[in-house]
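*Asks:* Okay, these came from Swiss-Prot:
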{"type": "ACT_SITE", "residues": "Asp13", "note": "active site, proton acceptor"}
{"type": "ACT_SITE", "residues": "His41", "note": "active site, proton donor"}
{"type": "BINDING", "residues": "12-18, 40-42, Arg304, 330-332, 412-414", "note": "GTP binding site"}
{"type": "BINDING", "residues": "Asp13, Gly40", "note": "Mg(2+) binding site"}
{"type": "BINDING", "residues": "Asp13, Glu14, Gly15, Lys16, Asn38, Ala39, Gly40, His41, Thr128, Arg142, Gln223, Thr238, Arg302", "note": "IMP binding site"}
{"type": "BINDING", "residues": "Val298, Thr299, Thr300, Gly301, Arg302, Pro303, Arg304", "note": "substrate binding site"}
Amino acid sequence: MGNKVVVGTQWGDEGKGKITDMLARTADVVVRYGGGNNAGHTVIVDGKKFELHLIPSGILYPEKVNVIGNGVVVDPEALVEEMNMLKEEGISLNNLYVSETAHVIMPYHRLLDKLEEKRKGDGKIGTTGRGIGPAYTDKVARRGLRVIDLLDEDTFYEKLKLALDYQNLLLEKVYQVEPMDIKEIMAQYKEYIEVLRPHVTNTSLLLDEAIKEDKKIFFEGAQGTLLDIDYGTYPYVTSSNPTAGGVCTGTGVGPVWIDDVIGVVKAYLTRVGEGPFPTELNNDIGDKLRDKGHEYGVTTGRPRRCGWLDIPILKHAVRVNGLTELALTKLDVLSGLREVKVCTGYRYGDRLIEEFPGNIDILSGCEPVYEVLPGWDDDITGVREYGDLPENARRYVKLIEDMVKVPVTIIGVGPGRKEAIRREKEVN
């Protein structure tokens with residue numbers, strides 16, 4: 001297998017949880033490298049559904065080591081809640097490790113996130129309100145607290161006091177709300193710290209040892225390429241790097257140790273929150289995709305905006321991630337449509353644009369140029385061999401491969417882990 005990375009190629013919600021669960025089963029170590037509990041993976045094992053937001057999906061297999069890397073911003077309350085949920089389901093947590101240098105989401109981060117969205121009004125970004133952005137802001141501004149800072153009570157108090165001097169100034173003077181009390185925060189977080197303490201370690205060293213022992217490592221991505229702070233539809237993005245480059249900075253593993261980068265692409269396109277979406281379908285087809293695909297956020301429950309597959313977006317993801325293969329998910333959701341459209345470029349004024357534009361104002365003014373393919377009526381959820389797919393479904397897959405020059409090696413035909421087609425990497 002080698003060491004693999006799974007990344008989302010779109011605006012998140014591509015079905016990475018299922019693909020991760022499929023591939024992580026052959027790994028020895030499963031690692032989260034960025035984001036926070038704003039992400040959500042749904043994994044179905046033996047008919048039981050697990051919704052994970054922070055903990056790697058390898059936790060469902062007791063023989064695997066699971067790592068939350070330094071690039072993740074950790075909300076102790078959310079993490080402990082997730083740990084308790086897994087314990088209640090009989091899942092062991094002895095194989096879970098948390099980076100000592102991961103930054104911590106504090107109560108003021110969540111409050112500031114919501115207050116800032118409210119202040120922006122119509123100009124809001126559409127965050128999950130979980131404090132992710134403010135936590136990353138403090139990390140870059142060098143005033144954040146890391147997991148290791150919470151382990152010693154005196155150190156925690158001193159660093160929290162310094163942080164609150166700034167945060168309370170912001171809360172009182174800018175947002176006109178009551179300041180936060182240091183004793184209340186200390187008391188609340190003390191409980192979480194004791195639960196997390198046995199799991200905290202230098203995860204970069206742990207991963208280095210795994211590499212030296214020739215263990216297979218699987219890096220589990222969160223969100224998607226178009227939510228990347230550098231390569232996404234800025235400013236309608238997250239505050240981290242969900243792209244493959246985030247693996248190295250978010251785990252302490254060098255790029256030479258990454259063998260494959262698998263891009264997960266949904267057979268149609270979805271988006272949660274604000275921002276331009278050229279292929280969005282505000283019609284019956286969009287509603288059908290949403291209902292049939294159960295397109296509601298795992299983390300927020302918000303209905304997702306739905307549209308046709310966008311090739312310029314996928315080409316962009318191939319380039320910035322260095323994708324070596326694709327996993328196409330939810331092909332079954334397209335069954336029953338009379339025709340299926342694929343955006344191959346954009347019309348902007350009198351110009352034809354075939355690459356994804358970095359200028360969001362241009363993207364907002366783009367009209368999609370479609371290639372129209374005939375649909376298929378067959379129920380494909382039971383198909384396990386590529387050759388058994390309807391001809392028009394195979395034409396759809398081939399069009400994607402021909403346009404982005406990357407092979408589709410996994411095709412999801414249903415929500416279950418086993419409802420998928422596996423193909424060899426070399427595709428004619």
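Placed from the backbone N, Cα and C atoms, the Cβ positions cover glycine too.
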*Asks:* In angstrom units, rounded to an integer, how far apart are the Cα atoms of Gly12 (GTP binding site) and Gln223 (IMP binding site)?
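*Replies:* Between the Cα atoms of Gly12 (GTP binding site) and Gln223 (IMP binding site), the distance comes to 4 Å.
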*Asks:* Using a 10 Å cut-off on CB atoms, tell me which of the binding-site residues Thr128, Gln223, Thr300 is the least crowded.
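*Replies:* Selected from the binding-site residues Thr128, Gln223, Thr300 on minimum Cβ neighbours within 10 Å: Thr300.
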*Asks:* Pull out the binding-site residues from the set Asn38, Thr128, Gly301, Arg302, Pro303 whose C-alpha sits within 10 Å of the C-alpha of the residue listed as 'active site, proton acceptor'.
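*Replies:* Cα within 10 Å of the residue listed as 'active site, proton acceptor': none.
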*Asks:* Based on Cα distances to Gly15 (GTP binding site), point out the closest of the binding-site residues Asn38, Gly40, Gly301, Pro303, Arg304.
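*Replies:* For Gly15 (GTP binding site), the spatially nearest of the binding-site residues is Gly40.
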*Asks:* Measuring Cα to Cα, how many Å separate Arg302 (IMP binding site) from Gly40 (Mg(2+) binding site)?
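*Replies:* Arg302 (IMP binding site) to Gly40 (Mg(2+) binding site), Cα-Cα distance: 12 Å.
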*Asks:* Rank aside, I only need the closest one: which of the recorded positions Gly40, His41, Thr42, Thr300, Val413 has its C-alpha nearest to that of Thr128 (IMP binding site)?
*Replies:* Thr300
*Asks:* Please report the number of other Cβ atoms within 10 Å of the Cβ of Pro303 (substrate binding site).
*Replies:* 14
*Asks:* Given the recorded positions Asn38, Gly40, His41, Thr300, Pro303, which lie close to Lys18 (GTP binding site), meaning Cα to Cα within 10 A?
*Replies:* His41
*Asks:* Find the one among the recorded positions Asn38, His41, Thr300, Gly301 whose C-alpha lies closest to that of Val413 (GTP binding site).
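*Replies:* Nearest candidate: His41.
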*Asks:* Among all the protein chains here, how many other CB atoms are within 10 A of the CB of Val413 (GTP binding site)?
*Replies:* 25
